Every structure is written in structure tokens, then in C-alpha cells.
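K.L.:
This is the structure I want to talk about, given as C-alpha cells.
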């Protein structure tokens, strides 16, 4: 029995243990940055292998309940999200290899911080208790604060780190206050028990619970960059090292949704309708603000940061549909997180590969005629832009299709139409880059250098580009090879595990 429980927690143990070991080894001079990068990759690969052992099984367990009570849960749902988080971390480690080798200002401690952040995100999706979730959120966030400002020679990065630290601490305080109010209202912080106590109290005064849950949702909206808590996104993403930006934009969002979906589906289901109108307003404002902000950007990094706000709006459309189409809406959120993760990670990864060169290319104009001098990179970047725009034959299109059809089934046709309009407008700022790369002559700056395709980073990005296309059309050609249907089926399986008693 003990070994079974340890096997449930093995991915967490591997990542946490690896983070501690790398921190202890960081002063050892004979271990280079390249070797630390390899160690990090192997640790993450081992954790992913341990996680995949239970992937695709329908189960729920509370490991070491005598020690942890019910603070931690391992089920099909958490295993699925662990796989996403670890995959995101693996991709980040691979695309960051070239960047960290070129930018010698980084120290070996950054890899330990990276693993601590991954551990916090994994712990968050396993959290079955509010204070455990808060601790997990802070572990992930504190590591990111330091990683953002690691290059102290760049004032912009120090400023971004400080801004994220201050605003993130305020949002964390909201989470803590919300947890205290919910404990005052129901007498427990254990997920599942909160829902049972709420069922008993329905018809009575549950204002403390509503206020507490609202405070927790404020933290949720801040972390995913939803209106009106999105102002930090552009500056922080722009000021962060590119691999860190990719990690924040894709992987951290997966972890946040992983916890909040569990909370909403299991515990807050009886009072979920209270926030419907508020969420509709938030969604419309998020789509509008993010779209307008993305249109006016000249920097690709800032454009992708602004467009991430729009993608948050799409995810919230599915989130608000949960009350009326629980399984399909939840599955569409999980699938869209995969689609956005692949597209955003690929786009940020390729830009970080290019920008790691001393002659940085990050604005639209810097990519004028880029396809004529580097066609393979331009093709991969175009694939990611097409997917982010939701063009057919990409995984981004399939993700948006599931979200909008689910919203229509749930009775939110107006939100689906608004999402479709935002998608059409997004074609402008995504296709602007494609047009500049292909339909304008190359105008290289004096002394500019085009980075060559070499090393593991471009191979990783190429695999992601293939996955983006395969997610859109793969099952059309090879029916039995894992594709969209496999992702949707496993997402539904993870959803079902939430309701195993």
C-alpha cells in the first residue's frame, strides 16, 4: 500500500527532489550550464514517465491519507494536468537551451528555480484543500518572480519582476482572505467537504461563502490575465526572458485552470449561477480590450502577450458554459489549453531562438522578407500564427470550434458570436506578420545575421509545428493514430474522475 501511494506521488517527488539537488549542486564549478540544462531535462522526463504510468486510467485516490488527511488528491484529472505541465516544462527546457547558452548572464540557479515553479504548478492541480493550493500557488509564483528578474543588468526585467511580485502578492492576499471567509462559512477548507457543507446550508445565509469564493475568483482572474486584472500582462511578458514568457503564457495558465475547474465543479456548483452575469461582462471586456491592445502593438512579444488576453476570453466562454454543459465545456477548456499551449509555446520558442542572437529580431518590421532568407523558420512561425488565429487544419481551429459550439449548446450564443468576431479580427495582427515575411522583399539591417537551424531547439519547435497541424487534420489521414479524438476522450475521462466518490 505504501509503495502504491508513493507511486502516485512519484512525479511530484522527482521534480521536488531534482529542484533541491540542483540547488545544492549550483555552487559546484565543474557543472556547466549545459550540464544543468541536461539534468533538468532528464528530471522532467523521468517525472513525465512516472505520470504517464497512470495516464488514461479512471481512478481517484488520496495518497498517505494518515499523513496528509485529504489535502492531496491523485486522480485521472490531476494526472492529465500533470502531463500538460510536465510537457510544457520539457518543451521550455528544450527551447531555452539555445537562449540560455547565448545569454551568459544567467546562472545555474535558474534551473532549480524552474523546477520549483513546475513543482508548485503540479502541487496546485493535486491540491484538495485551499491552504495547500495557496502554498502551491506561492511556490510557483515566487520562483517565477525571481526567474523574470534574474538578469539584473536589464532594468526592464527587474521592473517586470517587481511589478509582478507586488501585484501577485496582492492577488495572493485575496486568495488567502477568501479561504478564511470560506472556512468561517462552512468550517472546512477541504474540497468536497466544502460542497457538502454548502448543500446543507442552501436556503440559509451563505454570504460569507459567496464573498470568500469571489475573492478566490479574483486571484484566478488575475493569474489568467482577465479584465480588469490584465494590465500587468504586457509589461511583465515583455520584460521577461523569452523562455520564461513562454512558460508563463502557456504552462502556468494550465495549472491555474486545473485548480479552479476542480473548485467550481465540485464545491461551488450550487452557487455558480451567481457569477454568470459578472463573467459575461468580464468575457466581453477581456475580448475587446485584448483585441484592441494586440492591434496597436509593433513588438511581436507584446502582440503575443496582448493576444494571450484574448485567448483568456475564449477560455472563459467555455468556463461560464460549465453550468449548462458541464462535460463538453470542461473538455473543451482542457483541449483548448492543449491547443494554446502548443501554438504559444511554438511561437515564443521560435522568437526566443531568433532573439537569442545578438542582432535581435522582435518587431513586425524586423521580419520583413524573412521568408526569403530563412524559409523554414518562416514556415514554422506561420503555422503557429495560423493556429493562434484559429484557421482550419490547425489545432487552434478545433479548439475554438469546441468552445463556440459548447457555448451555443449552453445558451450563450451571443458570447459565441462575440468570440467568433474577435477571432476574425485577430486575423489582422497574426496575418500581418505572415504578409510581411512572404510578400515583401528582404530588407536586412547592416551587419544583421540570420541564425542557422542547428541544435535541439529548432528540432523541438519543428515537432511542435507538426503537432499543431496534426491536431487539426491528423485523424483524417490515420484514424487510429492519437490525435484530436484521443485528446478529447482523455479530457472527458479526467472530467469523469472528479465525480468518483
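Cβ atoms here come from the backbone N, Cα and C positions, even for glycine.
Feature annotation from TrEMBL assigns transmembrane segment to 6-25, 37-56, 76-98, 110-127, 162-186, 206-229, 241-265, 277-296, 303-326, 332-355, 410-431, 452-473 (among others). Sequence annotations record features per position, and here TrEMBL assigns domain 'NADH:quinone oxidoreductase/Mrp antiporter transmembrane' to 127-426.
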K.L.:
Does the transmembrane segment (76-98) come close to the transmembrane segment (277-296), meaning at least 3 CB pairs under 8 Å for residues 6 or more apart?
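P.N.:
Result for the transmembrane segment (277-296) with the transmembrane segment (76-98) is no.
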K.L.:
For the transmembrane segment (76-98) and the transmembrane segment (452-473), does the number of C-beta pairs under 8 Å, pairs 6 or more apart in sequence, reach 3 or more?
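P.N.:
Contact between the transmembrane segment (76-98) and the transmembrane segment (452-473): present.
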K.L.:
State the non-local partners of the transmembrane segment (332-355) in its own chain: residues 6+ outside its ends, Cβ under 8 Å from one of its Cβ atoms.
P.N.:
80, 84, 87-88, 91-92, 95-96, 98-99, 241-243, 245-246, 249-251, 253-254, 257, 261, 300-301, 304, 308, 311, 314-315, 318-319, 361-362, 377, 380-381, 383-385, 387-388, 394-396, 398-400, 402-403, 406, 451, 457-458, 460-461, 464-465, 467-468, 471, 484, 487-488, 491, 494-495
K.L.:
So which residues does the transmembrane segment (110-127) touch in its own chain, when a touch means Cβ under 8 Å and the partner is 6 or more beyond its ends?
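P.N.:
Answer is 11-12, 15-16, 18-20, 22-23, 26, 36-37, 39-40, 43-44, 71-74, 77-78, 81-82, 85-86, 89, 92-93, 100, 133, 135-141, 143-144, 146-147, 150, 191, 247, 251-252, 254-256, 258-259, 262.
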K.L.:
Sort out the residues at least 6 away from either end of the transmembrane segment (162-186), same chain, that have Cβ-Cβ distances under 8 Å to it, and list them.
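P.N.:
Counting only partners 6 or more residues beyond its ends, the transmembrane segment (162-186) has Cβ contacts under 8 Å with 130-131, 133-134, 137-138, 141, 144-145, 148-149, 193-194, 197-198, 201, 206, 208-209, 211-219, 222-223, 229, 232, 235-236.
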